[in-house]
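Taking it in order: structure first as C-alpha cells, then the write-up.
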Amino acid sequence: MQKRLTLLGSTGSIGDSTLDVVARHPERFAVHALTAHRNGEKLVAQCLRFAPDVAVVGDAETAARVEAQLRAAGSRTQVAYGKQALVDVSKSDGCDTVVAAIVGAAGLAPSLAAARAGKRILLANKEALVMSGAIFMDAVRDHGAILLPVDSEHNAIFQCMPRDAAEHGGIAKIIVTASGGPFRTREPATLASVTPDEACKHPNWVMGRKISVDSATMMNKGLEVIEAHWLFGLPSEHIDVLIHPQSVIHSLVSYRDGSVLAQLGNPDMRTPIAHALAFPERVDAGVAQLDLAQIATLTFEKPDYARFPCLALAIDALEAGGVASAALNAANEIAVDAFLSRRIRFTAIAQTVGAVLDGLSNRTPGGLDDVIEADAAARRAATAFIGKLPAPGVERAA
C-alpha cells in the first residue's frame, strides 16, 4: 500500500535526501504536504515535481509568492502559512507518515501533533525529544503512533536492537559514534578564531549550517545522547560517545554477553531515511555499497571534553532532568545564530549555554506550556548574555 507523506522541512538537507528516495519509489510513496520556512523558490520546484496536496510556508508574503508561481505553472497544490498550518498538515487525514525534519524548536509543535494523531513519525528533529522527551514519548504511546528514528546514529542503534522490547534487558550500553567534526585535531587555543565557514565544513556529511556548527562544537552529539535516552529508555551512564573519524560505523549496541552489534554504511543520510520510510522492508536508497577493503582503516578515540565543552553541558543537562535540556537547546540555538551572524566567537557558544544553565531555575515540567516557557526564558537569558560579550576581534579594555 502506498504511503502518503507530510514532509516537514522539505527544502533542507534531510528534505532533499527524503525526496530523492521518494522519487526512486513512486509506487511506494506519495507526497501529501511539503513545508518550508522562507525558501519559496525551492519549494515551488519541489511542488511541481511531487504534486503535493498542500504546501506550507512561514509567512503570508512567501505564501502569496509561492501560490502565484504555482498557479502560473498550472499546479493545484493549495498553499497555507504559519505555525497552525504546520500542525494541520501533521495531523491531517491526508497523510499516514510524517517526516519531521524542521531544524530546532520550531519542529516541536507539528511533531507532537503528529504523535497525538497516531501517525507513523520519521523523526529527524531531535529537538522534539530534547525539549519535551517525556511529554513526546507519552503522546506516542498514548495515541498509538509509530516512532522511527532518522538520525543516522539512532537509526543505527534501532537496527542493532532486538525488536522484542522484553529482550532490551540484555543491553549493557549503546555507543553513539561521532566524527569529531572539523576541529577534532585543531589546537584548542585557536578555536576562538574559527569562522562560520570553517565550522560548516564537515569532513564527512553534507548538512545545513546550524547542525554543522553543532557538529563542530559536538553539541549535536550531546543532543543525540539526550535523544537516545528517550528513544531507547536508557540512563546516561549506559550511553557512551565514541569518536570515529571515518563515519562508517554509525553506532553500536553492546550486550551483556559480550556481543557488540554495529551498523555500517557510507555516510549518506539516504540510507537511514530509506530504512525508516520502508521499514520493515528494505529499498534501494541510491547509496553506493560500502567497500571496507578500500577504506582499509577504521579508528576510534575517546571524546575530549575540554575541547568540546558543549558535549559535557548536554550530558549534565540530561542528568539534571526537568527543563534543563529545553534550556540547553534554546540557549544553543541563540548562540549558534549569533556565531553564524559573526556576533560572537565560536568559543562563546559554550560560554553562553553554560551561563544560561548556571542561572536556570530547574523544575519538572507539568506540561508543554512549562517547556515552552523554559525555552523562552533561556532564549532571553542567552540573548542578554551575548549582549555583554565583546564582538569578535574586539577585546575588553583592561
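Each residue, glycine too, has its Cβ placed from N, Cα and C.
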Requested in this report: Name the one residue among G180, G181, G208, G222 that Swiss-Prot lists for the same NADPH site as T11, G12, S13, I14, R38, N39, N125, E127.
Outcome: G208
Query raised in the report: Which residue of K126, K173 does Swiss-Prot report at the same 1-deoxy-D-xylulose 5-phosphate site as S152, E153, S179, H202, S215, N220, K221, E224?
Result: K126
Requested in this report: Express the distance between the Cα positions of K126 (1-deoxy-D-xylulose 5-phosphate binding site) and S13 (NADPH binding site) as a whole number of Å.
Outcome: 15
Report summary line: Fewest C-beta neighbours within 10 angstroms among the binding-site residues R38, K126, H202 belongs to R38
Report summary line: For D151 (Mn(2+) binding site), the close binding-site residues (Cα within 10 Å) drawn from T11, S13, H202, G208, N220, E224 turn out to be E224
Query raised in the report: Can you tell me how far the Cα of S13 (NADPH binding site) sits from the Cα of N220 (1-deoxy-D-xylulose 5-phosphate binding site), in Å?
Result: 16
